[in-house]
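The structure appears below as structure tokens.
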Amino acid sequence: MSFVVALTGGIGSGKTTVAELFAARGAVLVDTDAIAHDLSGPQGAAMPAIQAAFGNAVLRADGGLDRTAMRRLAFADPVAKSKLEEILHPLIRLHSEACCAAAENAPYVLLVVPLLVETASYRRRADRVLVIDCDEALQITRVTARSGLSVEAVQAIMAAQATRAQRREVADDVLLNDGGLDALLPEIDGLHQRYLELASAKLHAGR
Ligand code: ATP
């Protein structure tokens, strides 16, 4: 079974940036957000159940999920939010598990799970948990600059997510992403080396 490093962090902490740097060094990425997008895109495996649950009002012309409409609905109605999660979460788990299994020849898998702290099943699957930590003011600056969301909107998202302390509690490794990329690269090199060693030790222990 492949060695899996689960990567998590708050909104705008730098998960995607960091994950791509690990991928450039040979890690295979499995991104639960990308899987969720595929599942709810045109012809996505979750779309029949989503359409049955919420009707055509949440569909785009191409048959994919209208994320803005769905977000509005889920924000206003907690029952709709949990119904959507009941449809998507098991499928995301199934697909990410299949992607991890398919990557058995990879040096190791980096499984990107934004809501890792909130979902125990991914933690059980992970051999190692890497948390991307970042100053909260910097998270807000990055997300507002990138998305055009207001400071208040970003703060509301952050308030609904796990806290920095909760993430650090489940971490085996913490990568502080408060500086520029130059500061990050040696840290990533060091962690990558460590993951190669741990993956190799797991492989040999399994023989
Ligand atoms: P989200 O939770 O919204 O998916 P994320 O955690 O994946 O975000 P990124 O998309 O990697 O975060 O980073 C957010 C923004 O901050 C991006 O515009 C990215 O280019 C920038 N950024 C991340 N890390 C750094 C860094 N070390 N130096 C400079 N810019 C950075």
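Note that Cβ sites are derived from N, Cα and C of the backbone, with glycine treated the same way.
There are 14 other Cβ atoms within 10 Å of the Cβ belonging to T17 (ATP binding site). What TrEMBL records for G12, S13, G14, K15, T16, T17 is ATP binding site.
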Candidates G12, G14: member of the binding-site residues with the richest Cβ shell (10 Å): G12
Lowest local Cβ density among S13, T16, which the record lists as binding-site residues, within 10 Å: T16
